[in-house]
There are 2 protein chains.
Amino acid sequence: MFAQIKRILVGRPIATEHQHQERLNKVTALAVFSSDALSSVSYATEAILTILVLGGSVALGLSLPIAVAIAMLLLIVGFSYRQTIHAYPQGGGSYIVTRDNLGDLPGLIAASALLIDYVLTVAVSISAGVAAITSLATNWGFPGVRDYAVEIALLCILVVTIANLRGAKESGLIFSVPTYAFIASILSIIVVGVSQDLLFGVEPVRHSIDPDIPPVGETLSLWLILRAFAAGCTALTGIEAISDGVQAFKAPEARNASITLTWMIGLLVTMFLGITWLADAHRAVPNEFTHETIVSQIARTIFGIGPVYVFIQIATALILVLAANTAFADFPRLASFLARDRFLPRQFASRGDRLVFSNGILVLGLFSALLVIIFQANEIAMLPLYAVGVFTSFTLSQSGMVRRHLRLRQPGWTRSAIINGFGATLTSIVLVILMITKFVHGAWMVILTIPVLVMMFRGINLHYQRVAEQLSLSGAVVPPELRRHTAIVLISGIHRGVLPALQYARSIAPDNVTAVYVDLDPEATEKLRKRWQDWGCGIPLVVLESPFRSLINPIVRYIEEVETRYGDDVITVILPEFVPARWWEHLLHNQTGILIKTALRLRGTVVTSVPYRLR
Amino acid sequence: MFAQIKRILVGRPIATEHQHQERLNKVTALAVFSSDALSSVSYATEAILTILVLGGSVALGLSLPIAVAIAMLLLIVGFSYRQTIHAYPQGGGSYIVTRDNLGDLPGLIAASALLIDYVLTVAVSISAGVAAITSLATNWGFPGVRDYAVEIALLCILVVTIANLRGAKESGLIFSVPTYAFIASILSIIVVGVSQDLLFGVEPVRHSIDPDIPPVGETLSLWLILRAFAAGCTALTGIEAISDGVQAFKAPEARNASITLTWMIGLLVTMFLGITWLADAHRAVPNEFTHETIVSQIARTIFGIGPVYVFIQIATALILVLAANTAFADFPRLASFLARDRFLPRQFASRGDRLVFSNGILVLGLFSALLVIIFQANEIAMLPLYAVGVFTSFTLSQSGMVRRHLRLRQPGWTRSAIINGFGATLTSIVLVILMITKFVHGAWMVILTIPVLVMMFRGINLHYQRVAEQLSLSGAVVPPELRRHTAIVLISGIHRGVLPALQYARSIAPDNVTAVYVDLDPEATEKLRKRWQDWGCGIPLVVLESPFRSLINPIVRYIEEVETRYGDDVITVILPEFVPARWWEHLLHNQTGILIKTALRLRGTVVTSVPYRLR
């Protein structure tokens, strides 16, 4: 039954030989790799304003300077990643670059930071996508849709999880349409909005319920500015995607990837600055009553609630779903690398029926759903957790690159080392700012989780090492021929299902079989003794006492006794088991067989099941 | 680890020989068996008023006449049960009496009705007990406690469940103190309250927030009166308890039980009528704002918020917890009867470590907790579901008694048949009223669940019958000597853990062993082939293709092939398994071994595990 449900949801298995890699041209690659980065335009400005509004309406004017600072950071980090692309044309994810150059521990820290960030990418992107849709619904006169934000978000995660378990072939078209629709949307808002502003001046956004802006809020401290800057750094999430996937480009891979990265950074900076400019000009502010997004506020003010506005909102929601989908490719792949290196259970390294890393996909779906529930699908509330992971992995991988340049000293290494070194320094400073300003607002969770994950990775690795040592054949000797068999048949009564097991036992240990029965009810025991004379096949019956009605303890004690008596023999415990024909019928029979088998397996006893099938 | 937690919660196992039965005198027996029946005084009057208040203040005056009608019904049903006690001195629960006299189907209907009612007893009693405590808290100035009603109720269910799993010896004292405290409380309220009323007249109850009584509500229809009557019938729940437990009385059992029943009915009628009288006199009404119970309203109006009031509230809460506890004895016992008769999985018939029917206790705890969550610990909202089950079992067991009298024709049978026949007719009429008036308010759930349970019982019974037929030894022949063994060793690689399995296979099938490996990765397969030459013990290695990366399908196909080739042989599949030393380490290894074993067991193949223990 489970198998059928799985088939319907996930589809038929796919043969291994169909594993293949489609090479992408630059236009398609931009769509495939940049959805995560570009989609942050839909919430980064809002993140800055959410903090600045605490300083009252005066503070809001600082949004543009802060955005410019973040845009500079973006350019520097982007430039730094171009170095990585050229150095690791086979794909240089932070885990690989860091572990390669700085060693295991930094590599694992980068991996933990990334895994956490992928979970957050799904939760944040899906929540932001839902916010785009609920903003649209509110402006159409259905503000009640917002009450179902969590349910809608969970449904989206479910759909994306199932789609990824099916491993639908990622056609370039599916990515290109929403990504370019989003780029076109945002650029048209900016072109129309900025021209209006420069030519005629603009009106402020009107709200159905006015947001509550303190006329004079907290003093406009450096602390508030740093917090707003830190909040806006979420604009940098996802820009490492291209350097992870250089191999997916058409030849020359590195060159094409590098050009695509430059385009992506250029678009991202333009869109982020443009939206922040317009938010400032239209005095858009986060509205805690309607939960309308900043982009929605600007778009409807410029274009009115018509088809263009609808198009923009839908394009925004779609690119955000794509961004979440990207994490569903990245998380399982990173988990499979970790499993291959024996830092995660090996179940993460094996491809499922449909050639995808099913376990990684399921774990990601589960944890992101959990985050959505905890944070009630409020992406702004999740942002303080976000970005810490990204900047940790930026800093580590850039530092790794510096180390690499110093080690290899390839032509032009000084220039490259300076670029990466500058990037690493800058991102490490920002990381410290992020950790300090966001700590109490949620970043502490990430900062605590990273060492826990690292310890887990090392514990797992240690276990696998110890197992490998113990199972190694070096120095092993072929064990001696087995002397003689002793068989113990465990019975819970005498019926047709027992007879084949008794015969089996006699055939492997003709001279040394006993049947063992645990006495739980004197009456039943007496009945068994009588019938044993007819049906026991001449095998001696041993009845064990069990004052506490336990089955396992008396059996284990008896086996220990036999082991002492026949030290050289191999002892085989034989279990007759009747097998119901239908799955639910298994529930109607005591599952003690399973418990006994588990207990015996743990103590290293050979156990043979002799099944008897029922109709 | 699980075992340790269980020990702490449930305690050490108890030996079978300690099973015993303490005989009760009448005073203790009244306390042990009547908590369920008497505790209904705390909500039955409120149930009537909750309905009548819909008819406005005029309708409230009808509470006393309705209570008198219910009291008459109580006397008749009680008198009818005296017959059962004399006819079934070994204990005549409705399931036994009905099945004995009317056959399987009516017996199963009675059993379903009772099981549902036991679940409701726990949910209703615990919720009512919590209401007594929150009323007390509100009057002390902590109205916020009411917001945690669900949590408190769930905690109570958890505690009662664990206490019953421990199987604490039910000392008479534990039952006597709260029961007699409750009887004393209610009787003192009645004596003081009624004398005040008769001598001086009384004041109405004062509320911190006045309840919302419609001045003229629904028209005072016959329908409303019937609904109020039906609601009050919850006063009859639990009165069958003494007839179930006749064997617990000191000799002469039937006579003592009969006297105790009379006392219980007398007390119940007095207390129920007295509280209803006082509710009427003090114009107490259910208050949807404060959720204060009627008993609490009356008690504080008469005694003020002092020690007497506190004593009354605590005694009420305690007897309600005891009432729930009663269901924890009754439900598992009835489930064990059903399991013994093969209508429920046999797991319900076996006593656990602590000599109690653990599975029944757990199932009851789970379902009652579910009800508390669904109904938000509001006992008045649950009452429409209650009582339908009780009256179904009343009607069936009384009818069964009539049938018995007609069949046995013992001395005095006509008189007994008339009493039981009158009881059966009356309760069947009330049952119809209950089903009609409460249908839309929740009774439909019970009415739908009963046939579902009955069908489940019959399905289970059919399964056990079919298994018994197939396993029966009548006509069985001892299977022929086994010809020859064929062994197949399934390997996932070659390491120290595999060697003992290869040796074992050679020892049982010296001339016919193959090792089988499923090729999932050509590189690994090549490596294995090379090492096999050194370590394969001369056993031929078969490599199976698996285009879809499935392990089980190629293995099953190969076994089918071998079965066709060596038709007469016994085929044994041997699985080398390494066993990690710590429980969490099991999670780090593919659990494919378990899947393979299950698949082979279902198809009837003999499987031998040869474990290799790791440190």
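Each Cβ is built from the backbone N, Cα and C atoms, and glycine gets one as well.
Not measured: the values here are computed from a predicted model.
Nonlocal intrachain contacts for the transmembrane segment (A:47-77), taken as residues 6+ away from its ends with a CB within less than 8 angstroms of a stretch CB, comprise 211, 213-220, 224-225, 227-229, 231-236, 239, 265, 268-269, 272-273, 276-277, 279-280, 283-286, 294, 380, 383, 394, 422-423, 426-427, 430. Marked as transmembrane segment by TrEMBL: A:47-77 (among others).
Under the heading transmembrane segment, TrEMBL lists A:118-142 (among others).
According to TrEMBL, the transmembrane segment annotation covers A:148-165 (among others).
Marked as transmembrane segment by TrEMBL: A:177-200 (among others). Beyond the transmembrane segment (A:177-200), the same-chain residues lying 6 or more positions past its ends with a Cβ under 8 Å from any Cβ of the stretch are 30-31, 34-35, 38-39, 41, 267, 270-271, 274-275, 277-278, 281-282, 295, 298-299, 302-303, 308, 311-312, 315-316, 318-319, 321-322.
Per TrEMBL, transmembrane segment is recorded for A:220-239 (among others). Beyond the transmembrane segment (A:220-239), the same-chain residues lying 6 or more positions past its ends with a Cβ under 8 Å from any Cβ of the stretch are 34-41, 43-45, 47-48, 50-52, 54-56, 58-59, 62-63, 66-67, 69-70, 73-74, 77-78, 81, 117, 121, 124, 261, 264-265, 268, 272, 323, 326, 383-384, 386-387, 390-391, 394, 430, 433-434, 436-438.
Feature annotation from TrEMBL assigns transmembrane segment to A:260-279 (among others). Residues 26, 29-30, 33-34, 37-38, 40-41, 44-45, 48-49, 63-64, 67-68, 70-71, 74-75, 78, 81-82, 85, 183, 186-187, 189-190, 193-194, 197, 235, 239, 242-243, 249, 294-295, 297-298, 302 of the same chain, all 6+ positions outside the transmembrane segment (A:260-279), place their C-beta atoms under 8 angstroms from a C-beta of that stretch.
Summarising the annotation, TrEMBL assigns transmembrane segment to A:310-334 (among others).
As annotated by TrEMBL, transmembrane segment applies to A:355-374 (among others). Within the chain carrying the transmembrane segment (A:355-374), a Cβ under 8 angstroms from the stretch's Cβ atoms is held by residues 14, 16, 18-19, 118-120, 122-123, 126-127, 150, 153-154, 157-158, 160-161, 164-165, 167, 324, 327-328, 331-333, 335-336, 347-349, 382, all 6 or more beyond its ends.
For A:380-396 (among others), the entry in TrEMBL reads transmembrane segment.
Nonlocal intrachain contacts for the transmembrane segment (A:417-436), taken as residues 6+ away from its ends with a CB within less than 8 angstroms of a stretch CB, comprise 73, 76-77, 79-80, 83, 226, 229-230, 233, 387-388, 391-392, 394-395, 398-399, 401-402, 405-406, 443, 447. Under the heading transmembrane segment, TrEMBL lists A:417-436 (among others).
Summarising the annotation, TrEMBL assigns transmembrane segment to A:442-460 (among others).
Tertiary proximity for the transmembrane segment (A:310-334) is limited to same-chain residues at least six positions away from its ends with a CB under 8 Å from its CB atoms, namely 33, 35-36, 38-39, 42, 93, 95, 111, 114-115, 118-119, 121-122, 125-126, 128-130, 132-133, 135-136, 156-157, 160-161, 163-164, 170, 175, 177-179, 181-182, 184-186, 189, 238, 241, 244, 293, 295-296, 299, 303, 348, 356-357, 359-361, 363-365, 368.
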